[in-house]
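Database features (TrEMBL):
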REGION    A:1-20  region 'Disordered'
TRANSMEM  A:38-59  transmembrane segment
DOMAIN    A:99-291  domain 'ABC transmembrane type-1'
TRANSMEM  A:101-126  transmembrane segment
TRANSMEM  A:138-157  transmembrane segment
TRANSMEM  A:163-182  transmembrane segment
TRANSMEM  A:221-246  transmembrane segment
TRANSMEM  A:272-291  transmembrane segment
Amino acid sequence: MENNYIPVADPGTSQIAPEEKSRTPFQLALGRFLKNKMAVASVFILFIIVSAVMAAPLLTDQDPTKSNLLLVEQSPSAEHPLGTDSSGRDNFARLLYGGRISLIVGFSAMVFTLAIGVVLGAIAGYYGKLVDAFIMRFADMILILPFLVLVLVIVAILNKVTIGIFVTIIALTSWPGLTRIVRGTFLSLREQEFVLGAKAIGATDLRIIFKHFIPNAIGPIVVNATLMMASYIIVESALSFIGFGIPQPTPTWGNMISEAQSIRILQNNPEAWIPPGLAILVTVLCINFIGDGLRDALDPKSLER
Amino acid sequence: MALQEKELMQGTEQDVILQLANVKKYFPIKGGILKHTIGHVKAVDDISLHVFRGETLGIVGESGSGKSTLGRVILRLLDPTEGEIYFEKQNISNLTNRRLRATRRDMQIIFQDPFASLNSKMNVGELIEEPLIVQTKLSKKERTAKVTSLLEKVGLRSSDRLKYPHEFSGGQRQRISIARALVLNPKFVVCDEPVSALDVSIQAQVLNLMADLQDELQLTYLFISHDLSVVKHISDRVAVMYLGRIAEIAPKHAIYHEPLHPYTQALLSAVPAVDKKKAREKIILTGDLPSPSNPPSGCPFRTRCPKVHDVCSQVRPELTDQGNGHFVACHLYK
């Protein structure tokens, strides 16, 4: 009699067909990220901003640092699409070149913080005990230093702040947050069976950290790195606005807005300060949306299946 | 002392691969404002035993009896508080991590949870290959060949090499864990409840696979489980643990047919029997497992023992030989 109820399995195949494409954890995360419309749109917009900033010499032939005191506070014209500032410099060129500085400051401060934070957090979380106590108390000491006062003091001592010094100050004062996150993640990973398994095969500490801990801690690290970058762009703008950031004539979005400290420009030349303000707003929003998207995509709880 | 000598003597008859001498593992309990040690959890309390080459020694006990801790101490994943561990006649209980690395080639572990014991960021090939990278100088090609042959040996396909753990079921994952543990051709494998997370139908498959591999590769197993029928299926000898100590250790048929220790008798009576005639009268234990941080004086089982008498609270019973390799720690047997 014919069997209509029980599907007859082909003896050569099991549940998973051999042709089925295998998806790596990275591909799974990418799939989840692409489902997040805001995050994808943000990547797109950020890409446009970054390319415009990188292609600045192609988009304008004006020099962003060249003053022309005969052409101060001009309204928009064909030659100066966004007019000129109080020193007669082209606002459009400054917007593009300034974006370079703002993004570079945000990005390099993020990378620098990441380097310190991940290394110290990894050591503290992996070795625990005395090493951990020492690093975390040191982190606590850094955390209580008031960032703003520290910057003011350093600027006062050095007289002139370069991008390098500025980035260093940010990184040296803001690594403790990331260190805590990495340490916490490592502490929880330390108790996992697969880490014991790695020890059982005789893997070295370095191998365990780089092959087992960091790939499993990459989610929180990446998410926090993006959010850090956004906040560093704001920090740069805020400090430049009050005159303690990257000094003139180097353009940044922050010190372009500081033009608006003059009530005359604030009222009469909105084209001078609205674009850099918008640029900061859009960039930071985009980075934050991307961070949120990454958080959902890399959440270890959704990694199973 | 007499016990140790006897055990050692018995050990010379057969080839002993692993011997434990008075192994203890105490976890400190920290408390107070200054976080000083206010007590100890005696997870493994003075255990001496030996494992013969090629056999399967089953370790059974309730949750919290210290059986998993014992397995981890043997592999030095936890450092023993006291006592010596001899593996292949070499004392490994105080080797440095660096010197231990060479020994780790020969002893491996299979964990209980097939979901937590595999790094989800590595594919199956990388997972099985890792021990070879750490322990040998084989070329990439040789490693891949080894991985492929092992995958087939544990009943997976060589094309599974590029897949990730999340694409497999629990039973398949446990097969991956077995392949990873066996890729270095170890002599001794600690199986820490390897099937208790699996469906019953899959349990049998995995157990049979493990038994086949044992014959083929001449493995020695230390098989930890709380499931008496699983242990009966796979073991040659069985040790019953209670509160960090061994209550009874004997060849399998002796444990299952003539259990001596009241605890073993109670455990076996709780196993559901298919045949009504064979069903034992149930011995219901009262009370909970006492805290291992504050074990009862004398015999640790006396608080729940149906046959308790005066001496039990005063003198701690030692393992005594009842003949034919049957040892029991109980005052009823002298």
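Using N, Cα and C of the backbone, Cβ positions are placed for all residues, glycine too.
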For the transmembrane segment (A:138-157), which stretch among A:38-59, A:101-126, A:163-182 has the most Cβ pairs under 8 A?
A:163-182
Chain residues in Cβ proximity to the transmembrane segment (A:221-246) (below 8 Å; excluding those fewer than six residues from its ends, i.e. six or more beyond):
101-103, 105-107, 109-110, 113-114, 118, 151-152, 155, 161-163, 166, 170, 174, 177-178, 181-182, 185, 214, 252-255, 257-258, 261, 280, 283-284, 287-288, 290-291, 294-295, 298
Sequence-distant contacts of the transmembrane segment (A:163-182), meaning Cβ under 8 Å and at least 6 residues beyond its ends, amount to 101, 104-105, 108-109, 112-114, 116-118, 120-122, 124-125, 135-136, 139-140, 142-143, 145, 147, 150-151, 154, 217, 220-221, 224-225, 228, 232, 235-236, 245-246, 250
